[in-house]
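Visitor: One structure, pasted below without further comment.
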Amino acid sequence: MKKLQEAHLRKPITPDLLMTPSDQGDVDLDVDFAADRGNWTGKLDFLLSCIGYCVGLGNVWRFPYRAYTNGGGAFLVPYFLMLAICGIPLFFLELSLGQFSSLGPLAVWKISPLFKGAGAAMLLIVGLVAIYYNMIIAYVLFYLFASLTSNLPWEHCGNWWNTELCLEHRGPKSGNGVLPLNLSSTVSPSEEYWSRYVLHIQGSQGIGRPGEIRWNLCLCLLLAWVIVFLCILKGVKSSGKVVYFTATFPYLILLMLLVRGVTLPGAWKGIQFYLTPQFHHLLSSKVWIEAALQIFYSLGVGFGGLLTFASYNTFHQNIYRDTFIVTLGNAITSILAGFAIFSVLGYMSQELGVPVDQVAKAGPGLAFVVYPQAMTMLPLSPFWSFLFFFMLLTLGLDSQFAFLETIVTAVTDEFPYYLRPKKAVFSGLICVAMYLMGLILTTDGGMYWLVLLDDYSASFGLMVVVITTCLAVTRVYGIQRFCRDIHMMLGFKPGLYFRACWLFLSPATLLALLVYSIVKYQPSEYGSYRFPAWAELLGILMGLLSCLMIPAGMLVAVLREEGSLWERLQQASRPAMDWGPSLEENRTGMYVATLAGSQSPKPLMVHMRKYGGITSFENTAIEVDREIAEEEEESMM
């Protein structure tokens, strides 16, 4: 990789050397696209958008369960360690790439066109996730509307969707307290409401025969996409204002649920169950892997959302400070959500007379079965149910804004002349296409397809993308050069901590996660349903497709160059001639070349087009590159 970094230092820079064959058309490089691309209207827009993107549904329904099953309070030790080793450095790397270049996940690979396939893989992953994520928002909308009643519909048995196994677990009292119930032989009204009414899963014969479309879910999904479209209609200028509400209001609701939860009888029992340290769990590698997975997915690294949001920043936005605010805020929110969830579960376990571990679940089972059942035990249950699902709605929408903005930005940056003036129309077409592709999720067996997408769309493929990104930036482009870019942007170079993580610790951690996910692979399942072999194969191919986009992109990049294979690799790995800050005023240092007698420095590629070749002695960029190479040689000695 070092040879690839230094290959371009051996020749004087000429237009033919800097331009790929596809770049050699008659293009006016003086055109400035930064102004009409748009920016955040304020620094707080970006910060709240990042908080809303990271603080999502997983903070409520995954972290608390993961914590209590992996050592309780002891889980926080590997959690914060993995945050420091993997989460914060990768978060900062992705923000730095986006802000420095003002480009989306595809165009940002001007940094090294050889790896543009990683950007395409990001888009595939985020597209698949956006399809099923909005279905979860549709479920939330369904429950939100169902909460607008005097009595919650999942509170009692006796409805047409209930079976003879339905039992209202009210905790029958004995003289000394609560009689324990055998929950394994009965089904709660909330569980039958979810599976038999909302999903109507009994109408499906499996993933291969999903049954009919549920019109109520179909309408909820349509409403979810309409909301998303309206919020991203004007890009970050509209979504940046919506997040002032959607990123902050969940904290108010979470605080209300927390206060209500801790005042319930039995709440302390649930909190103890959640946070009592069990340090012997730290001896298990599984706990450390689970902590790393939680960090990796909760921060949204590798989906392109962080890169996209940062690309709309001004060049000198302090993303170093923002990185710590968002990542630590995300961690604290997860812990607080655990208190709100387990305080209510403790109350529920006391009312039912069963241990907390019999009522605690993760994922949709917590959001759509257990917590709704707990709400029925509270006074003013529709009010608390509405608040809970409204919180989930706002948490989900923030993340969905990022997913859609990532796709729209990536494609419009690739075709700015055609799509940027019609960005709103293009956004609408994307929403319509994804709504149509998501209709299979509204069928009786739609949950099976949702589980398949959730298990495979962003699994090992996402890890491969992030590892590739990390290595391409730090090893091929060069850690010294990348740190100089950050210095130009922020006024300081990242220290030893970030360099060590980018070069060694973060890739090693991700590689361990990748190996673990492959070795510990388990077939998908939903309840007692086991997926057929063809569905498992489809899921694996889904994950492999994103991985295969990386070598496919390399092949395309190499074929576009000329010369021998090694020369093509050198040229394809070299930064594109127009790589750098988008605004001419920010092109300083290695991105400016001053000709003898010139009164005003111009961007390097403008000089190359107007004045021809520049020898290495007159080229500031090449002098800086040589200085970088010398520093790297000294560090190796």
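All positions are counted from 1 along the displayed chain.
Using N, Cα and C of the backbone, Cβ positions are placed for all residues, glycine too.
According to Swiss-Prot, the protein carries these features:
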type     : residues : note
TOPO_DOM : 1-45     : topological domain 'Cytoplasmic'
MOD_RES  : THR20    : phosphothreonine
MOD_RES  : SER22    : phosphoserine
TRANSMEM : 46-66    : transmembrane segment
TRANSMEM : 74-93    : transmembrane segment
TRANSMEM : 117-137  : transmembrane segment
TOPO_DOM : 138-214  : topological domain 'Extracellular'
CARBOHYD : ASN182   : N-linked glycosylation site
TRANSMEM : 215-233  : transmembrane segment
TRANSMEM : 242-259  : transmembrane segment
TRANSMEM : 295-312  : transmembrane segment
TRANSMEM : 324-345  : transmembrane segment
TRANSMEM : 378-397  : transmembrane segment
TRANSMEM : 425-443  : transmembrane segment
TRANSMEM : 459-479  : transmembrane segment
TRANSMEM : 500-519  : transmembrane segment
TRANSMEM : 538-556  : transmembrane segment
TOPO_DOM : 557-637  : topological domain 'Cytoplasmic'
MOD_RES  : SER573   : phosphoserine
MOD_RES  : SER582   : phosphoserine
MOD_RES  : THR588   : phosphothreonine
MOD_RES  : TYR591   : phosphotyrosine
MOD_RES  : SER598   : phosphoserine
MOD_RES  : SER600   : phosphoserine
Visitor: Rounded to a whole angstrom, what is the C-alpha distance between the residue listed as 'phosphotyrosine' and SER573 (phosphoserine)?
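Guide: Between the Cα atoms of the residue listed as 'phosphotyrosine' and SER573 (phosphoserine), the distance comes to 18 Å.
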Visitor: Where does SER573 (phosphoserine) sit in the DSSP three-state scheme?
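Guide: SS state of SER573 (phosphoserine) = helix.
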Visitor: Roughly how many Å separate the Cα of THR588 (phosphothreonine) from that of SER582 (phosphoserine), to the nearest whole number?
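Guide: THR588 (phosphothreonine) to SER582 (phosphoserine), Cα-Cα distance: 11 Å.
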Visitor: Below 8 Å between Cβ atoms, which of the listed ranges 46-66, 295-312, 425-443, 538-556 makes the most pairs with the transmembrane segment (117-137)?
Guide: 538-556
Visitor: Among SER573, SER582, THR588, all listed as modified residues, which has the most CB atoms within 10 Å of its CB?
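Guide: For the modified residues SER573, SER582, THR588, the Cβ with the most other Cβ atoms within 10 Å is SER573.
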Visitor: Return yes if the transmembrane segment (74-93) and the transmembrane segment (538-556) have at least 3 CB pairs under 8 Å (sequence gap of 6 or more), otherwise no.
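Guide: No; fewer than 3 Cβ pairs under 8 Å.
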Visitor: Using all protein chains in view, find how many other C-beta atoms are within 10 Å of the C-beta of TYR591 (phosphotyrosine).
Guide: 20
Visitor: Any contact between the transmembrane segment (215-233) and the transmembrane segment (425-443), i.e. 3 or more CB pairs below 8 Å with pairs at least 6 residues apart?
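Guide: The answer is yes, given that the two segments have at least 3 Cβ pairs within the 8 Å cut-off.
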Visitor: Please report the distance from the Cα of SER582 (phosphoserine) to the Cα of SER573 (phosphoserine), rounded to the nearest angstrom.
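Guide: The Cα atom of SER582 (phosphoserine) is 20 Å away from the Cα atom of SER573 (phosphoserine).
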Visitor: Pairs of Cβ atoms less than 8 Å apart decide it: which stretch in 46-66, 242-259, 378-397, 425-443, 500-519 has the most with the transmembrane segment (295-312)?
Guide: 46-66
Visitor: Any chance the transmembrane segment (378-397) and the transmembrane segment (46-66) have 3 or more Cβ pairs under 8 A, given the pairs are 6 or more apart in sequence?
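Guide: The answer is yes, given that the two segments have at least 3 Cβ pairs within the 8 Å cut-off.
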Visitor: Honestly, do the transmembrane segment (324-345) and the transmembrane segment (459-479) touch, with at least three Cβ pairs under 8 Å and pairs 6 or more apart in sequence?
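Guide: No, since the transmembrane segment (324-345) and the transmembrane segment (459-479) share fewer than 3 Cβ pairs closer than 8 Å, they do not count as touching.
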Visitor: In terms of Cβ proximity under 8 Å, which residues at least six beyond the ends of the transmembrane segment (459-479) contact it?
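Guide: For the transmembrane segment (459-479), the nonlocal Cβ contacts are 1, 4-5, 90, 93-94, 97, 111-112, 114-115, 118, 121-122, 125, 296, 301-303, 499, 502-503, 506-507, 510-511, 513-514, 517-518, 542-547, 550, 573, 575, 628, 632.
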Visitor: Reduce the DSSP letter at SER582 (phosphoserine) to three states and note it down.
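Guide: DSSP call for SER582 (phosphoserine): coil, neither helix nor strand.
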